[in-house]
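Annotated features in TrEMBL:
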DOMAIN    38-73  domain 'EF-hand'
BINDING   ASP51, ASP53, SER55, PHE57, GLU62, ASP90, ASP92, ASP94, LYS96, GLU101  Ca(2+) binding site
DOMAIN    77-108  domain 'EF-hand'
Amino acid sequence: MAMSSILNADDIKKALDAFAAGSFDHNKFFEMVGLKAKSFDEVKKVFLVLDADNSGFIEEEELKFVLKGFAKDGRDLTDKETKEFLRAADKDGDGKIGVDEFAALVKE
């Protein structure tokens, strides 16, 4: 499933363009792409796109490429951005993000 079938392609582009390397802010990004206004089911669809290996979790390695999940030309997150994103989302401390953790992070 393409991310543009869930979110507006122009919003995705604007959000990707807004965050140069080292400046990624997941809360602002989710707001800009319109994800905060989506239902749990729509957020879950986004999660499933980002869960590249279909494990039911977004692991740190997948998280590094999260912006590419929104658009093919999205940049990789820096190591620092990846770790901060994981720390913010991983509420149970297992080193990965489940769908409920992701949905909670989106709605923060």
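Here the Cβ of each residue, glycine as well, is placed from N, Cα and C on the backbone.
Just so you know, TrEMBL annotations never went through curation; they're auto-generated.
A map of TrEMBL features onto the structure.
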{"residue": "ASP51", "record": "Ca(2+) binding site", "Cβ within 10 Å": "20"}
{"residue": "SER55", "record": "Ca(2+) binding site", "Cβ within 10 Å": "10"}
{"residue": "GLU62", "record": "Ca(2+) binding site", "Cβ within 10 Å": "19"}
{"residue": "ASP92", "record": "Ca(2+) binding site", "Cβ within 10 Å": "10"}
{"residue": "LYS96", "record": "Ca(2+) binding site", "Cβ within 10 Å": "20"}
Other same-chain positions with a Cβ less than 8 Å from the domain 'EF-hand' (38-73) and lying at least 6 residues past its termini are 1-3, 6-7, 9, 12-13, 15-16, 24, 79, 82-83, 85-86, 95-99, 102-103, 106-107
Cβ under 8 Å, sequence separation of at least 6 from the ends of the domain 'EF-hand' (77-108): give me the contacting residues as numbers and ranges.
21-22, 24, 26-27, 30, 35-36, 38, 40, 43-44, 47, 50, 56-60, 63-67
Give the mean pLDDT for the domain 'EF-hand' (38-73) on the 0 to 100 scale.
96
When the domain 'EF-hand' (77-108) is classified with DSSP, how many of its residues are helical, how many are strand and how many are coil?
20 helix, 3 strand, 9 coil
